[in-house]
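Undergrad: Dumping the structure here so I can ask a few things about it.
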Amino acid sequence: MSIPRTRILGTGRYLPEEVVGNEVLAQRLDTTDVWIQEHTGIERRHVAAKGQVTSDMAAAASRAALEAAGLTPADLDMIIVATTSGDSPMPATAVNVQQKIGADLIPSFDLAASFAGFLYALTVADQFISAGTYGTILVVGADMMTRLVNPDDRATAPLFGDGAGAVVLGPAQSDGRGILSARIHADGALGDLLKVPAGGSAEPLSAEALAANRHRLQMKGRELFQVSVKHLTSYSMQALKAAGLTSAELDWVIPHQANRNIVNLISQRLGYPRHKFVEDLAETGNTGAASIPIALDGAVRDGRVQRGQTVLMCALGAGVTWGAAMVRM
Ligand SMILES: CC(C)(COP(=O)(O)OP(=O)(O)OC[C@H]1O[C@@H](n2cnc3c(N)ncnc32)[C@H](O)[C@@H]1OP(=O)(O)O)[C@@H](O)C(=O)NCCC(=O)NCCS
């Protein structure tokens with residue numbers, strides 16, 4: 001079995017107060033509560049208040065993670081925020097988080113790997129800690145997806161919610177707890193499956209782009225569904241193997257929370273029991289890069305995931321990017 005060099009010291013999450021149920025969306029979109037539940041498993045989602053920004057959510061989740069770790073912002077050596085719906089194109093959302101939580105003048109940067117961003121950030125942080133360059137790193141997944149979707153598009157608007165999740169990482173001890181394996185991947189040939197066409201150098205914002213909603217998220221849902229099932233199944237198996245574990249030694253799977261039907265198929269194909277999958281998407285919808293750390297924190301705080309247990313996390317998002325990590329908590 002692999003020897004961990006980085007450990008999760010604490011977890012935290014933040015979900016905005018306002019909750020919007022499917023039936024509310026069904027009042028203005030050509031959809032129904034039944035359709036959304038049957039095709040996704042989502043029942044409601046949290047929606048950020050007017051004036052609230054991504055770094056507000058990230059800072060709240062970070063404070064909770066620091067408290068759980070028994071640390072203060074002064075203990076941090078680096079902040080990485082995984083997001084694709086940050087406060088603004090510049091500066092990075094991470095520097096706003098640094099200010100809001102009152103951290104020192106530590107390196108703070110964003111990582112844009114869509115819904116796989118949290119696993120990408122975890123992998124990057126693991127390298128710094130393993131190398132001994134930095135001791136304590138805050139990794140946050142935060143996305144305000146409701147500001148990125150077209151609220152009038154029934155194919156995407158019901159799928160997403162807002163939120164943030166965070167972990168504080170530090171050096172592992174010799175008790176076997178920590179990151180056992182973490183692998184990240186990308187296939188740019190599938191960049192068209194999920195994208196926001198306008199707002200960058202390819203298509204700067206213009207009146208035409210705004211009128212055509214090209215600054216909003218566009219998704220080829222069916223194709224994304226298929227590639228998610230395929231990659232998340234196969235790379236989860238690889239993460240397990242890389243950690244030197246068998247599925248009998250696996251306690252929990254925390255998949256990216258996009259669609260219950262994707263989770264059902266991964267469970268079937270892995271031959272791993274469905275009740276061992278942590279799932280909170282009925283309450284949150286797809287919260288982008290925040291999805292895994294939100295689910296992880298929920299399962300830690302309600303006592304499902306316990307100290308010493310093994311957790312497999314896997315996610316796939318725009319790019320497409322994907323990753324899988326095995327952690328002993
Ligand atoms: C988008 C998604 C929910 C669609 O569910 P699905 O079961 O695959 O639905 P189908 O593609 O079979 O059906 C789509 C049909 O439903 C319609 N539809 C889409 N959204 C709808 C809604 N909210 N209400 C009613 N009908 C809807 C479409 O117009 C389409 O109609 P058509 O067949 O007449 O063209 C699903 O494919 C999905 O979750 N995809 C990927 C999700 C994701 O974010 N992955 C991220 C990485 S894990």
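Cβ from N, Cα, C; glycine included.
Found this in TrEMBL, in case it helps:
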ACT_SITE  HIS256  active site
ACT_SITE  ASN286  active site
DOMAIN    109-188  domain 'Beta-ketoacyl-[acyl-carrier-protein] synthase III N-terminal'
DOMAIN    240-329  domain 'Beta-ketoacyl-[acyl-carrier-protein] synthase III C-terminal'
Undergrad: Given the model, what does the mean pLDDT over the domain 'Beta-ketoacyl-[acyl-carrier-protein] synthase III N-terminal' (109-188) come out as?
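TA: Mean pLDDT across the domain 'Beta-ketoacyl-[acyl-carrier-protein] synthase III N-terminal' (109-188) comes out at 97.
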Undergrad: Reported as an integer number of Å, what is the Cα distance between ASN286 (active site) and HIS256 (active site)?
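TA: Rounded to a whole number, the Cα-Cα distance is 8 Å.
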Undergrad: List every residue in the same chain as HIS256 (active site), at least 6 positions away in sequence, whose Cβ is under 8 Å from its Cβ.
TA: PHE115, ALA116, SER228, LEU232, ASN286, SER291, ILE292, CYS314, ALA315, LEU316, GLY317
Undergrad: DSSP-wise, what's the residue breakdown of the domain 'Beta-ketoacyl-[acyl-carrier-protein] synthase III N-terminal' (109-188) into helix, strand and coil?
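TA: Summed over the domain 'Beta-ketoacyl-[acyl-carrier-protein] synthase III N-terminal' (109-188), the classes give 25 helix, 31 strand, 24 coil.
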Undergrad: With DSSP, how much of the domain 'Beta-ketoacyl-[acyl-carrier-protein] synthase III C-terminal' (240-329) is helix, how much strand and how much coil, in residues?
TA: 38 helix, 22 strand, 30 coil
